[in-house]
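Taken straight from TrEMBL:
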- A:17-40: transmembrane segment (TRANSMEM)
- A:73-91: transmembrane segment (TRANSMEM)
- A:103-122: transmembrane segment (TRANSMEM)
- A:129-148: transmembrane segment (TRANSMEM)
- A:160-181: transmembrane segment (TRANSMEM)
- A:202-230: transmembrane segment (TRANSMEM)
- A:250-278: transmembrane segment (TRANSMEM)
- A:290-312: transmembrane segment (TRANSMEM)
- A:318-336: transmembrane segment (TRANSMEM)
Amino acid sequence: MHAHTSRSGTKNPRTRLGVICFVVSLVLLVVLALCSIAIGSRPVPLSEVIAVLGDPGASGVAAEAVRLRIPRMVLGVLAGMALASAGTLMQGMTRNPLADPSILGLNGGAAFAIVLSMATVGLSAPIQYVWVGMLGSCIAALGVWALGSLGAKGPSPLKMTLAGAVVAAMLSSLTSAVLLPRIDVISSFRFWQVGGLSGARFSLIVPLLPLFVIGEVMAVWCLPGLNALAMGDDLARGLGSRVRLVRMGAWGASVILSATTTALAGPIGFVGLVVPHAARLIVGSNYKRIFTLSLVFGPILLLASDLIGRVLTRPTDVEVGIVTALIGAPCFIVLARRRNLQQI
Amino acid sequence: MRRKTLVCSILVALAAVLLYTDITFGTVIYSFNDLLRVVSGEQIPGISFALGELRIPRSLTALACGAAFGIAGSCFQHLLRNPLASPDIIGITSGANAAAVFGIVVLGASGLELSAISVAGGLLTTAVIAAFTWKRGLSLGRLILVGIAFGAMLDAASSWILVHADQWDIQSASRWLTGSLADTQWSDVLLSGIALSIGCIAIAPLSKRLDMLRLGDEIAASLGVRVGASQIAIICVSVTMLSIATSAVGPIAFVSFLSGPIARRISGYGSSALAESTLVGACLVLGSDIIAQHLLTEQMPVGVVTSVIGGPVLMLLMYISTRKGHLE
């Protein structure tokens with residue numbers, strides 16, 4: 001496969017497939033974005049959506065509905081991109097096909113830290129959540145990493161997953177321990193805890209936008225290094241790649257991206273797991289291409305899950321975190337059944 | 001044999017002390033005399049209700065469910081020959097729990113009906129996880145991975161149902177998320193008691209076979225054990241007990257995982273130590289309930305305490321398993 005993709009140039013059928021997929025999914029993403037503005041407990045016809053988008057002064061119920069749904073759509077796109085990038089980075093740097101911010105404990109750590117700070121210090125602004133959440137996910141991720149790399153042979157997908165599950169189970173109990181006696185915090189937290197886009201507001205998203213950008217830029221910087229890492233640490237070092245620096249960069253970027261997403265939308269699982277694999281199926285093992293395609297696939301998966309959740313139980317919503325878990329877990333099982341689980 | 005008797009009597013005594021403490025200790029501390037009078041059927045204003053309707057059912061449920069979790073977990077760990085293969089780690093408890101939540105919220109079931117739904121859910125989950133793990137044999141690593149994924153999926157389904165229940169009430173929801181003994185009634189005692197006794201009666205004749213199966217399938221077969229049939233029988237009995245207990249108190253975290261390893265540590269490694277695991281399970285839930293109710297500044301569901309105890313132990317066991325190379 002590697003020899004295949006390294007013959008670069010547009011004549012390569014795989015590259016052409018990748019380009020076609022990229023364009024098609026970009027179109028799909030635009031359609032989904034429009035749908036997620038139009039569809040909801042009160043459907044708004046597309047023509048009205050476009051009218052409202054073109055005329056900021058428009059009034060009426062439809063216009064209000066559209067205005068509420070636009071931030072939700074934007075958050076869906078941002079969160080989808082961030083989670084997919086974080087997943088790609090984590091899979092690349094750990095060479096573990098089952099890596100994902102939720103499986104490796106980042107989401108649980110962020111959630112616990114945020115709840116703890118809500119309850120004890122009384123933090124209430126999302127920008128504060130982000131810093132606390134980052135601290136939490138760093139600590140949790142380091143714990144999972146340490147636990148998963150025990151033993152002579154170092155980290156393996158099985159040990160990492162198990163370590164992540166242990167840490168996540170403990171953190172979620174601790175989260176409920178902090179939460180249960182405080183009815184006031186529960187009400188603001190209960191939907192957030194399962195992961196949802198419904199609380200999206202531009203006033204919350206805009207201040208955090210730079211973090212998304214920083215995370216993605218760092219991710220792009222890491223990509224060549226990840227390609228080298230895929231050949232093994234020794235070979236990568238021999239090729240002049242600064243292995244430790246690349247790992248730290250990828251680590252930092254995924255922590256920033258997933259903590260920011262968790263602060264805004266709650267812990268959303270399995271997006272970071274599924275998306276890079278889908279991209280890998282299409283474009284092969286080059287991380288630059290996987291990453292590019294993931295940036296489109298992630299938002300598609302998240303917006304589609306959000307739409308499914310909205311349509312399935314109208315007029316209420318199913319939180320997007322629940323839908324992604326229901327979609328993502330079967331993919332995880334398929335991957336876990338593969339014989340060559342050890343390598344990507 | 002002598003050590004076994006000694007260990008068992010100590011555990012029985014410990015369970016009795018914990019049960020007594022759990023019943024009598026609280027905002028009002030009742031005397032042994034009060035307890036005797038209530039148990040003998042005397043009506044004492046105030047005390048009869050507090051003890052007879054609130055504390056005794058709660059403590060007895062804790063005892064029975066803890067024991068059921070203990071047996072079920074221990075059976076699984078022996079059959080699969082690894083402490084990490086307990087039903088709460090490989091997703092089976094989540095299945096029983098999701099079925100119970102579905103039964104309560106969507107179908108409005110209770111009592112025996114609810115237990116039946118939960119048992120069906122537990123057995124179905126077991127079958128599905130086994131089917132997805134099977135691939136020219138059963139591998140522990142794949143079982144854990146598939147189980148964790150199914151657990152995540154089923155927990156998502158549970159929280160979906162809970163978030164959209166008409167009367168979201170955090171107390172009852174916390175039961176289905178972490179396991180709790182709040183609001184247990186005599187009907188719960190009855191059900192979990194029946195489950196426990198049926199389970200014990202059914203497991204007792206199987207325990208000798210379980211001991212042989214621990215030696216390996218081939219050796220067990222050469223000793224005259226019908227391997228497949230015994231495995232299926234043991235799994236069905238333990239999943240049934242586990243599911244009934246789950247439908248009463250929710251998925252109390254890590255109890256089925258913890259009981260077996262603790263029991264074997266104190267009773268030596270010779271036998272399968274099923275009786276000891278049963279008692280350890282009961283002691284764990286009772287002890288955690290006492291901690292959850294009285295020793296913390298706020299009352300917590302019992303599952304929070306067990307998982308704070310269980311998490312580090314699981315990490316330790318992972319460490320040991322890794323050192324022995326079981327997870328490579």
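From the backbone N, Cα and C atoms, a Cβ is placed for every residue, glycine too.
Counted over residue pairs 6 or more apart, the CB atoms of the transmembrane segment (A:73-91) and the transmembrane segment (A:290-312) come under 8 Å in at least three pairs, which marks the two as touching.
Within the same chain, the transmembrane segment (A:160-181) stays apart from the transmembrane segment (A:17-40): fewer than three Cβ pairs sit under 8 Å, each pair at least 6 residues apart.
Two recorded stretches are said to be in contact when at least 3 C-beta pairs lie under 8 angstroms, sequence spacing 6 or more; the transmembrane segment (A:103-122) and the transmembrane segment (A:250-278) meet this definition. Below 8 A, the CB atoms of the transmembrane segment (A:17-40) and the transmembrane segment (A:250-278) form no more than two pairs separated by six or more positions in the chain, fewer than 3 in all. When each of A:202-230, A:290-312, A:318-336 is scored by its Cβ pairs under 8 Å to the transmembrane segment (A:250-278), the top-ranked stretch turns out to be A:318-336. Remote same-chain partners of the transmembrane segment (A:290-312), defined as residues 6 or more beyond its termini with a Cβ less than 8 Å from a stretch Cβ, comprise 18, 21-22, 25-26, 28-29, 32-33, 35-36, 39-41, 72-73, 76-85, 87-88, 197, 219-220, 223, 268, 271-272, 274-276, 278-280, 282-283, 318-320, 322-324, 327.
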